[in-house]
């Protein structure tokens, strides 16, 4: 049986979603996206101040042939989210939306209260909502209860690269919401962080800064692809039980007893 | 009359439609439009008559995380 990532009824082989921002060049962005083996890439909308400003970028993304996930980055109110989501749906021809609704500009922490209201309205408008949220179990439960089939808690604040600040919280979300597609989004810095998220039971990870900000984004994209797969395989394999005392791995039966003569 | 496109003042004839304003501005697809913070679907551009002081936002694809 194939082990696939499921998002609103669609199946994907890769468990790494990748962002398209912050790369040193458009060519590097395209190469890193392809090296990551991601099948889903995040995009956004901003003001068109010069003719065809976004056209080259959009053509590069279209050339990858990947599924696009538009975001509502930068929104601070439910109304802003609703307007931007509708604009995204028209431009990108998808009803998927990565819901971002910031409550604090210092750490770009999502506003948990407004997030619930926005998710409810978006779902009512027919969007397939992928909410970026904190690792608060109850907020995640409420989002799932509203009808979000995907939940995207942070590992740490966006762009920090700190890794998973609260593994217990993510593990609790996994255990309490076993049927929700859980994507750890934001704050991962190195491939071992992605591996850890997958070992905790995440269905996927979403990355941008950690790849785009590396000295060699293309190589780092490959490293994250490998780490994500390793973490998933580890989770599926089921790790050994941790013990408090040493247990020899080499059989002791048949061991010559020379050490008795040395005592 | 004066409207604002992406926060910059822009002159259009009285009773100009959203479509006329977009053509005058030189908006090129792909883009989406909001007027006074409300989404306007493509099919509504010809019918939507603008008012003095209306604020238009024309958004195009960019990189996102």
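Cβ atoms here come from the backbone N, Cα and C positions, even for glycine.
On a predicted model such as this, the values are computed, not experimentally measured, just so you know.
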Candidate from A:159, A:201, A:231 that TrEMBL assigns to the same 1-deoxy-D-xylulose 5-phosphate site as A:186, A:187, A:208, A:209: A:159
Binding-site residues compared (A:208, A:209) - the one with the fewest other Cβ atoms within 10 Å: A:209
Sparsest-packed among the binding-site residues, when each Cβ's other Cβ atoms within 10 Å are tallied, from A:159, A:187: A:159
Inter-residue C-alpha distance, residue A:186 (1-deoxy-D-xylulose 5-phosphate binding site) and residue A:98 (active site, schiff-base intermediate with DXP) (nearest angstrom): 12
Site extent for 1-deoxy-D-xylulose 5-phosphate (largest Cα pair distance over A:159, A:186, A:187, A:208, A:209, Å): 9
DSSP state at residue A:98 (active site, schiff-base intermediate with DXP), helix/strand/coil: strand
